[in-house]
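This report refers to the structure that appears directly beneath it.
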Amino acid sequence: MDMTKPESLKPPPRVTTRSLAKMRRDGQSISMLTAYDYPTAEILDRAGIDILLVGDSLAMVVQGHDTTLPVTMDQLIYHAEMVGRAAKRAMVVVDLPFPEGQLEIMRTVACGARVLKETKCHAVKLEGGAEQAGRIETMVTAGIPVMAHVGLRPQNVHVEGGYRVKREIKTLVNDAVAAENAGAFAVLVECVSTEVGQAINDAVNVPTIGIGAGGATTGQVLVTNDLIGLTSGYSPKFVRKMADVSTTIYEAAIQYRDAIADNTFPGDAESF
Ligand code: KIV
């Protein structure tokens, strides 16, 4: 124990696979949000969000693509470095992008190892359930914690022919159980009926983190840009927008433009 620092200067204890398991056992809810850059991650960490996800949603909400498919491992590592540096308490999970989690198994392990070696992040997220059991087991054996992602799998968008709410209860529960048995420390459940969310939560002992999966999961995750209103266009039903950052930025830009136009910026206060 470090006795040299006053209590207030000590970093808060890190959220870990072990503390998340305890949260589930103790009936505590887990909060998770996406983060792609240092300042946002610093704010979310300070706000006490338990898990930060450097999600492949970065392709859509930061890079402006239509799907999550184009983002690369190198790009995720670049963003993971920033988020990893900012998070003092939260666990940081990094998505394995398409198709790194589908190719030859040792390539997936190498990508997971890059996350732990090149960034200060702590775990990876891998889309898939039962068919990914071997891959999850190999990763965990190699020392790479894995959060499985079942239900709607955005990397499968073209196979599925779009995004839809998943209701195949037996298959989805089987996916979550297979992921847990393979060693996943948590299961993210996306866009399933409330009944399926409940059934998955009842079937596994590890924490379940829902997005559009009803209220029965151990925790909830949202894309931060959706939460804070920093996206334009379609917003899924499961999003609750809790701020309007787009409007704030827009209004600040208008004020700035007008202040330049009418020569009130810079004023004496901003000049040397
Ligand atoms: O990439 C992402 O943002 C996700 C969501 C399900 C949170 O995986």
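Glycine is treated like the rest: Cβ placed from N, Cα and C.
Curation does not apply to TrEMBL; its annotations are automatic.
There are 27 other Cβ atoms within 10 Å of the Cβ belonging to Asp56 (Mg(2+) binding site). The Mg(2+) binding site annotation in TrEMBL covers Asp56, Asp95, Glu127.
If you look up TrEMBL, you'll see Asp56, Ser57, Asp95, Lys125 marked as 3-methyl-2-oxobutanoate binding site. DSSP assigns Ser57 (3-methyl-2-oxobutanoate binding site) to coil in the three-state reduction, outside any helix or strand.
The active site, proton acceptor annotation in TrEMBL covers Glu190. Counting only residues at least six positions away in the same chain, the Cβ atoms of His149, Val150, Gly151, Leu152, Arg153, Pro154, Gly210, Ile211, Gly212, Ala213 sit under 8 Å from the Cβ of Glu190 (active site, proton acceptor). DSSP gives Glu190 (active site, proton acceptor) a strand state.
Apart from the site residues Asp56, Ser57, Asp95, Lys125, the chain places the Cβ of Thr34, Leu53, Val54, Gly55, Leu58, Thr68, Leu76, Val94, Leu96, Pro97, His149 no farther than 8 Å from the centroid of the site's Cβ atoms, the recorded 3-methyl-2-oxobutanoate location. When the Cα atoms are compared, Glu127 (Mg(2+) binding site) and Ser57 (3-methyl-2-oxobutanoate binding site) turn out to be 13 Å apart.
Lys125 (3-methyl-2-oxobutanoate binding site) sits 10 Å from Asp56 (Mg(2+) binding site), taking the Cα positions as reference.
Close contacts with ligand 1, defined as a Cβ under 6 Å from any of its atoms, occur at Asp56, Asp95, Glu190 among the recorded positions Asp56, Asp95, Glu127, Glu190.
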